[in-house]
Each structure stands twice: as structure tokens, then as C-alpha cells.
Amino acid sequence: SSLLLMSGVVVTVGLCRRLARRRLRSRPLLFAFLVEMFSTFQICACTNELSLLGNVEPKPHTALTLTYGFTVLHGLTLAGSACNPCGTLQPMWGGGTSLRMGGLKIAAQFVAALLARAFMHFIWSLEMVEPHLGALSQGCSSPMQTTEMQAFCIELLFSVVFQLAVLRAESVNPKYRVHLIALLITMLVYAGGNLTGAIFNPALAFSLHADCFYDKFLSYSLVYWIAPCLGKFLILYVF
């Protein structure tokens, strides 16, 4: 049922992206906003659902396999979209994207994060399948299972590794690149998922753990917003 739900989200987003591409080419700002919003919605909604499947046996093989599979699927279906505020900073830093366009895309990513969270909470409230039972009663599930400083360093390191890999993989054939990036993300999730969640995406972190940001805004913004962005700026500065 969870796989059908996530597949339905992917198909719906694909149709919305195609419709926007056909109807809104003459309005570039609205087109860019909607495409980025639809794409980020897909990642946030699917990852919210995947977060409920982490305890499915056999652990952690099922969760890691699904992480790899859906990361490949996102890479194949969301080409051209950053879906990550850190990724949007790169063309802004290099002058390839205007401040207005970059800010619009980042706004779209956070709007999508909120919409995906609201949508998934509605689906979970229906309690149609076993993993959804009691999902809404968890509140802040606190992915940070270590000290704040260690969590900051882990998310910073993972962001640097991920962004560096993305830059180095630009010359790789796209059909192989998505698998390399998916494999790297799966490895990072396996290495640090039990400590910080291995998110390194500010919009996704907010969608997954908005309650934690409400309760401990400074700590979570430092780890899940500032650390990934700092990692991105370090990579941009070095290169």
C-alpha cells in the first residue's frame, strides 16, 4: 500500500510537471515556481512515507533498498529540479541564476515541504494501512540521537560529500549518474541515519520534522539548515 501511495505521488507529479511545461512556458517565473514546488513535493511526500517503513523487517535492508530505489526514481523523473535549497545556491553564487529566481525556487521548496507534510498527515489520519496507525501521535520524533555539535558536524560532512559528488559526477552519463548519486545517498543514510537522519536538505528536514523545529528551533536550524548550507558554501569556495 505504501509503495502504491508513493508511486501515485510520482505519477501525479509527473503529470503536473508536464502540464506546467505545456501551459506556462510563456510565464517563466510561475513555471519555475510550480515545477520546483511539484518536484520538491514528490521528494518530501515519498520520504515522509519512507520514514514510516524504517522498522519493516528485515532491518535495515528493506529501508535501504527502498531509499536507493526511490532516489533513482526521483533522479530519473525530476531532471532539471534542485529540490534542495543548497542546490539552488550554486547557480545563484555563480551568477547563472538571478537572486529573484533563486529566491522564488527556495520559496517553492519550502511551500512544497509544508504541503507534502499536510498531505501525508491527512493520508496517515485515514489509517488505511498498518504503518499509518499511530503515525500522527509521534510528535517530534527527534532524529537527532547525538549531541548538537556532533550532529552539526555530521550534517556538514555529509553535505560536503554529497555536493562534491554531485559536482564530480556532472561529466558522467546521466543514466549512470543517477545510480551513483542514489548509491551515495543510501550509503550516507546507512552511515548516519541513526544519528541525525542523514538529511542534508533544509526543505526536506523541515517537512519531516517540523514539530522539532517548533520545539527547538535554534538547535534544529543549526543542524539541518545552517550545516548543509555551510557545506555547500565550502564546496563552492574550494572550487
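Including glycine, each Cβ sits where the backbone N, Cα and C put it.
A quick note: this is a predicted structure, and the numbers were derived from the prediction, not measured.
As annotated by TrEMBL, transmembrane segment applies to 29-50 (among others).
What TrEMBL records for 62-83 (among others) is transmembrane segment.
Per TrEMBL, the feature transmembrane segment maps to 104-124 (among others).
Residues annotated as transmembrane segment in TrEMBL: 149-167 (among others).
Within its own chain, the transmembrane segment (179-205) is flanked in space by residues 40, 43-44, 47, 60, 64, 67-68, 71-72, 75, 83-86, 106, 109-110, 112-113, 143-146, 150-151, 154-155, 158-159, 161-162, 165-166, 169, 172, 220, 223-225, 227-229, 231, which lie at least six positions past its ends and keep a Cβ under 8 Å from the stretch. Look at TrEMBL and you will find 179-205 (among others) tagged as transmembrane segment.
Outside the transmembrane segment (217-238) by six or more residues, the chain places 85-87, 89-90, 93-94, 144, 148, 151-153, 155-160, 162-164, 167, 196, 199-202, 205-206, 209 with a CB less than 8 A from a CB of the stretch. What TrEMBL records for 217-238 (among others) is transmembrane segment.
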